[in-house]
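Undergrad: Annotated compositional bias 'Polar residues' per TrEMBL: 282-294, in sequence order. According to TrEMBL, the domain 'UBA' annotation covers 347-386. Residues or ranges marked as region 'Disordered' in TrEMBL: 282-315. Look at TrEMBL and you will find 24-45, 65-91, 103-127, 133-154, 166-188, 194-216 tagged as transmembrane segment.
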Amino acid sequence: MRPNIITEAGITTRFNQWWSSTPFITSGVILICGAIYLVCLLIGYDSYREICFLPSAVASHFQVYRFYTSVLFHGSLLHVLFNMLTLAPLGTELERIMGSVRLLFLMFLLATTNAVLHLIVAFLVAYNPLYPVPSLVDECSIGFSGVLFSMIVIETSLSGVQSRSVFGLFNIPAKWYAWILLILFQFLASNVSLLGHLSGILSGFAYTYGLFNYLLPGPSFYSSIEGLSLLSICVRRPGFILCTGGTTYGQLPTHYNMSTSTAPSSLINGNLLRNISSWIPSRQTSTTEASPTQEQEDPRFPGRGRTLASTGTEPTAREASANLHARLTAANTVRADATVTTDQPDTFDEELKKLVGMGFEKTQAEVALAAADGDTNVAIEILMSQQD
């Protein structure tokens with residue numbers, strides 16, 4: 001019996017496979033944050049109070065740059081490693097759903113809204129008449145974890161899963177996942193910014209409930225960015241995912257593609273009080289009848305795309321296996337037709353060479369790549385599933 005390809009691969013090969021499957025923006029943020037930490041470590045820079053998010057400095061001197069410098073800097077090796085290892089799978093999932101430019105804009109939006117919420121909450125708590133805590137406005141916060149908490153809330157809402165595992169120890173309802181992580185980190189780690197993480201969770205909920213819809217540009221904005229000649233090198237990168245076209249899993253809400261109401265639906269249709277009372281993301285199920293040709297759309301995530309792990313619409317494991325065998329059989333049929341193989345583009349051979357270089361057999365790689373319509377990432381998933 002032939003041994004498993006995955007177990008034969010060395011650490012370098014596995015790392016290269018993992019890194020090559022990480023999309024452009026996610027890997028770029030990981031590299032930037034890691035490089036900034038290494039540079040600070042090499043030159044001995046430790047004046048984090050100059051770049052951290054400091055509510056008193058932002059309010060008194062209008063140092064808005066702290067909104068973004070505080071996100072990119074980290075205080076220790078463990079800090080940056082933990083945040084980037086969390087960003088890798090989370091950012092990969094969201095970038096494949098949204099596209100690279102849309103995810104970059106989302107990170108910018110979340111960094112801004114997190115800072116604004118942090119500033120507001122800090123001053124409200126610091127100078128409340130009942131129990132003032134003035135030290136909150138002088139609390140220095142750095143790290144990408146605030147944005148990560150927002151992304152966790154958004155990804156949980158998109159996935160539609162009913163439960164989540166906490167560090168592989170126990171399962172909890174998905175709607176409580178972000179809150180449980182907030183509490184655990186506060187008790188298990190030292191020097192953790194409660195307001196920074198809390199602001200991230202609140203921003204994530206505000207996004208999923210459509211409160212940021214008017215801040216989101218339409219598809220034409222992302223298309224114009226992707227069409228810039230200055231970014232042509234980035235767009236041609238293998239890990240760059242276009243926001244338009246392709247087989248995305250779903251569409252996130254934008255002001256352009258929302259319904260023609262004059263205000264966000266969550267503010268007008270009476271659901272705002274219900275949302276605020278729960279403060280947790282929940283899947284909305286409609287009981288109204290719809291025509292067979294028209295699907296019910298979640299107002300937060302409109303579009304024809306499906307959400308990840310949505311119950312009731314996903315194929316079972318048996319059906320998925322049957323679909324996989326059907327695709328492979330069709331791919332073998334295509335390979336047997338000489339007229340098709342002679343017209344294959346050069347890019348197919350290049351992608352095939354990449355798969356062979358990763359340690360996969362050429363015949364299996366060719367079949368998987370044909371079944372994946374030339375998509376290397378999908379072909380890798382097919383090949384790996386065959387080895388299970």
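A Cβ is built for glycine as well, from the same backbone N, Cα and C atoms used for every other residue.
Automated prediction, rather than curation, is the source of TrEMBL annotations.
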Undergrad: Using Cβ atoms and a strict cutoff of less than 8 Å, what residues sit near the transmembrane segment (65-91) while being 6 or more residues removed from its termini?
TA: 22-23, 25-26, 29-30, 32-34, 36-37, 40-41, 48, 51-54, 57-58, 103, 108, 111-112, 115, 141-148, 151-152, 155, 191
Undergrad: Can you break down the domain 'UBA' (347-386) into helix, strand and coil residue counts using DSSP?
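TA: Across the domain 'UBA' (347-386), the residues distribute as 32 helix, 0 strand, 8 coil.
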